[in-house]
Amino acid sequence: LGRMKPVIVVHGGAGRIFKEREEGCRAGVVRAALRGYGVLKQEGSAVDAVEEAVRSMEDDPHFNAGCGSVLNEKGEVEMDAIIMDGKNLDSGAVSAVKCIANPIKLARLVMEKTKHMLLTDHGAHLFAQAMGIPEIPGEKLITERSRERWKKNLEPDSNPEEFQKDLGTVGAVAIDSEGNVACATSTGGLSNKLIGRVGDTACIGSGGYADNHSGATSTTGHGESIMKVVLARLIHYHMEQGMSPEVAADTALDYMKTRVGGLGGVIVVNKAGEWAARFSTKQMSWATVKDDNLHYGIYAGERHIKSVDEALASESEEF
């Protein structure tokens, strides 16, 4: 079997990234991509790599996932996550989970330790306990910024929709040296959402999809719009028809915009290891590593390139 060159692509959410948060978002996706690539370089699987990359962003308060998640109408964090293995189409997801640091880890356990694909709310909580996942106080996940925004959105003349543009779902896709692909996506959802709202992230084919026969995709953006067009699977359909990852992504995002007026972003890797990071929103933080080169950006048309060694050197200075 020909060895594949491993590739990882990550996103930190499509939407509007406020100036003062840009650096943190850039650094966060770069760190996640480097961590995921580290796993792949040590012969780790695509599934291990995407889980590691997403965990890194869940732990980073700059993103709307894990610590830093936005609050629902009641002022609580409810999180959704999904992971999928392209080898056999196994997937695991959780929705509306509270009081755990890394929903992606729980999604992986659903995939590997149960016969099910999606556990929600109380049942997910019981499963987490059974698996020995430590519970953390809900407050631990709440940042000053999330609380401020929640309060602002409660004011009578506020428009939560305005703030929902700053979405920050996180995700990763990868292909490993064996040619297996995987995707992972995790989110705190929409600010001031109804209690129990589940968006696209936990839904297979919408928040993500992975199939060795075509590739892997993770999405971000307006969840309800993404669900209407089953965005991740739509991109795969276009790739199956022979489109490149970039054209497939643009075609699907275009369709979502014209058909239902929804904006979003996607990362894609195909079975040949070609990748794309595309978005119809103003911005999307993303990073990818391929051939020991790191590429990253936030704005349309922005693309910085560094060698992995150089990037790792500047990483270690930061810590």
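Positions of Cβ are set from backbone N, Cα and C atoms, glycine also.
Those TrEMBL annotations? Automatic predictions, nothing curated.
Because the structure is a prediction, the values reported are computed rather than measured.
What TrEMBL says about this one:
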ACT_SITE  Thr169  active site, nucleophile
BINDING   Arg197, Val198, Gly199, Asp200, Thr220, Gly221, His222, Gly223  substrate binding site
Legend entry - Diameter of the substrate binding set by C-alpha atoms, the set being Arg197, Val198, Gly199, Asp200, Thr220, Gly221, His222, Gly223, in angstrom: 16
Legend entry - Euclidean distance between Cα atoms of Thr169 (active site, nucleophile) and Arg197 (substrate binding site), Å: 15
Inset, instruction - In whole Å, note down how far the CA of Thr220 (substrate binding site) lies from the CA of the residue listed as 'active site, nucleophile'. - result: 6
Inset, instruction - Identify which of the binding-site residues Gly199, Gly223 has its Cβ surrounded by the largest number of other Cβ atoms within 10 Å, counting every protein chain shown. - result: Gly223
Inset, instruction - Mind telling me which of the binding-site residues Arg197, His222 has the densest Cβ neighbourhood, counting other Cβ atoms within 10 Å? - result: His222
Legend entry - Residue with minimal Cβ packing [other Cβ atoms within 10 Å] among the binding-site residues Asp200, Gly221: Gly221
Inset, instruction - For Thr220 (substrate binding site), list the number of other Cβ atoms lying within 10 Å of its Cβ atom. - result: 32
Inset, instruction - Taking the Cβ of Val198 (substrate binding site) as the reference point, list residues of the same chain whose Cβ is under 8 angstroms away and which are at least six residues distant in sequence. - result: Asp80, Ser95, Ala96, Thr120, Gly189
